[in-house]
């Protein structure tokens, strides 16, 4: 019994160490929406994001959803020239006039 517990503990520790850290997706994998260049990307629960969401009357399920603040679309021309000096993201909801984009994932250009 103790051998099983030790084996399981070692296996879980090895798995935790061997699991790679999440990184930004490549820009070519943006299948949920348009590429955006956002000044900041933060959790929806952050003070600035929650204030903007509240003012717009937007309710988000889950506080760990990433939102982009002050975003603009990245065009093909902008992509070729590295046209985003802030945070490039792929967001599921860009319908708020660039003020806030919802459901964002960081991408690498």
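Note: Cβ is positioned from N, Cα and C throughout, glycine not excepted.
Copied from Swiss-Prot, the annotated features are:
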SIGNAL    1-18  signal peptide
DISULFID  30-90  disulfide bond
DISULFID  37-84  disulfide bond
DISULFID  38-71  disulfide bond
DISULFID  91-104  disulfide bond
Which of the three DSSP states, helix, strand or coil, fits residue 30 (disulfide bond)?
coil
I'd like the number of other C-beta atoms within 10 A of the C-beta of residue 84 (disulfide bond), please.
20
Where does residue 38 (disulfide bond) sit in the DSSP three-state scheme?
strand
How many neighbouring Cβ atoms, not counting its own, are there within 10 Å of the Cβ of residue 91 (disulfide bond)?
24
Please work out which residue of 30, 38, 104 has the most C-beta neighbours within 10 angstroms of its C-beta, and give that one of the disulfide-bonded residues.
104
Checking the contact step here: among the disulfide-bonded residues 37, 38, 71, 84, 91, which have a Cα within 10 Å of the Cα of residue 30 (disulfide bond)?
91
With the fewest other Cβ atoms within 10 Å, the residue among the disulfide-bonded residues 37, 71, 90 is 37
Looking at the disulfide-bonded residues 37, 71, 84, which ones sit with their CA no more than 10 Å from the CA of residue 90 (disulfide bond)?
37
Taking only the Cα atoms, work out how far residue 38 (disulfide bond) lies from residue 84 (disulfide bond), in Å, as a whole number.
8
Can you figure out which of 71, 91, 104 (the disulfide-bonded residues) comes closest in space to residue 37 (disulfide bond), comparing Cα atoms?
71
From the Cα of residue 71 (disulfide bond) across to the Cα of residue 84 (disulfide bond), what is the distance in angstrom?
10
